[in-house]
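Peer 1: Below, the features straight out of TrEMBL:
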DISULFID  Cys332-Cys342  disulfide bond
DOMAIN    248-288  domain 'EGF-like'
DOMAIN    289-327  domain 'EGF-like'
DOMAIN    328-367  domain 'EGF-like'
DOMAIN    368-408  domain 'EGF-like'
Amino acid sequence: MILLIIKSCASVISILKRSFGSGYFLTVSKVSIREGCEILSSSFVFLFWKRQQLCLLRSFCICFLNFGRPIASSLAITVPHRLIDKQTGWLNIAGLDLLYVCVGSSKGMGPRSFKPMRSGNCRQRYMILTVTILALCLPSPGNAQAQCTNGFDLDRQSGQCLDIDECRTIPEACRGDMMCVNQNGGYLCIPRTNPVYRGPYSNPYSTPYSGPYPAAAPPLSAPNYPTISRPLICRFGYQMDESNQCVDVDECATDSHQCNPTQICINTEGGYTCSCTDGYWLLEGQCLDIDECRYGYCQQLCANVPGSYSCTCNPGFTLNEDGRSCQDVNECATENPCVQTCVNTYGSFICRCDPGYELEEDGVHCSDMDECSFSEFLCQHECVNQPGTYFCSCPSGYILLDDNRSCQDINECEHRNHTCNLQQTCYNLQGGFKCIDPIRCEEPYLRISDNRCMCPAENPGCRDQPFTILYRDMDVVSGRSVPADIFQMQATTRYPGAYYIFQIKSGNEGREFYMRQTGPISATLVMTRPIKGPREIQLDLEMITVNTVINFRGSSVIRLRIYVSQYPF
């Protein structure tokens, strides 16, 4: 089989061209090799042309595979395992160096199944097929020079491809200490210190060139290709200055830009861009204002303005130097609007009053608090309000205790702070004292002690009178809670067969008291109604003795004087 493949140019994956000196070009293509039903793949295809333009037919490409004879020492071709035998050779047809490859194929996997191909048949069949392809592939005279390869430009007068002097047309083709040297189809950048080139290279464009292309010069030899002079043209966005240098055109300064009136022009190297000022963004060719307030640029209050924004702070805050964040204002340190005590808070302040004062409705001034109006139990006796405070007072005859609210009676009799004479007896009361005169026993009673009167039995006038009258004194506070047991009386002697009856003989006209007998020989005086003072009450409490054995009936009286104080303490 002859591996000569005709494929569509659209199926060639890549074509790389590289100069090899005297007009040789290397084309690398990836194709498929078909033999019967077998498909073999190769990654490299080499095609050499000598002094001819590469055949790039509109619809065909010619590719020759080389599996046996490497083109260069650096190019090694690996033969697939399915290609067991191969025959190679070189032909020159119409000035074209062609490589043919004849390979045998194997239907199986082992070397015994290989079917060799005769060399004569391969060369003959290859020549016939190649002549047919070249007849189709070689360009016609009318369009042979319709296109030029890279590095050449078509001369419309002569119809020939002339070399492009890149050293003239490309600004700063070589930079730094490198100088540009024009080559046939390209250019080189070499150091200026190279001994071969003493100065910058210049192409002598004098007369149009019509002869054949000279052979490639050896490396590092001074090129001397004849070229055709033509005017220097700057790239788009550049213009020629007085020194024949291509300089950038400032479209923004010359007002040759196409920016929208809402945009601003920014000049760039070889062109310009249309942009927007700060605070605007480009949307469909228009500069629209950016609402910075939507993106939280401000810490507190934000007001959007065309192209910018403004930050403000709530009352009680001040704007920082960054123009965005807010800082609390210490009103207490600056103006102190409070009358008494100022307490700074985040973004505000509060006024506080000293103890005994209350804050008024304006939140700034303080007024005295009337603590005495809060409760009647604040003081035991009287609450006296003062600015910012209060105190408790006690009536005459009392002193204020350590709790500063309770009152305690002063015992004037013990402290000898009374006005009683020597004949009188000082009796201390709640909140005062009482000077009691000595008792006087009325007829037929006789005084037998300081507080007792007795009526003799032998005196006929004593028959219906109590046998003894005992004087007793006591005091109670005003408004004492009832019922209350306030006094107890009891028989001192108990006789066999006798029993006792206790009763209130006189002084209970208001029915504030009653006697409750608590035992055979005892009874208790009970106060049933609260009594308001100051007041003096005298009760005769009678104890009747009845003895049925000896048929005896007698009585004794306790004359109880009750002093009700003015205050309930």
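Easy rule for this one: first residue shown is 1, then count along the chain.
Cβ atoms here come from the backbone N, Cα and C positions, even for glycine.
Note that the structure is predicted; figures quoted are calculated from it, not measured.
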Peer 1: Using a Cβ-Cβ cut-off of under 8 Å, list the residues of the same chain that are 6+ residues beyond the ends of the domain 'EGF-like' (248-288) and lie near it.
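Peer 2: Counting only partners 6 or more residues beyond its ends, the domain 'EGF-like' (248-288) has Cβ contacts under 8 Å with 235-239, 306-309.
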Peer 1: What's the number of neighbouring CB atoms sitting within 10 A of the CB on Cys342 (disulfide bond)?
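Peer 2: So the number of other Cβ atoms within 10 Å of Cys342 (disulfide bond) is 18.
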Peer 1: Restricting attention to the domain 'EGF-like' (328-367), give the mean pLDDT.
Peer 2: 92
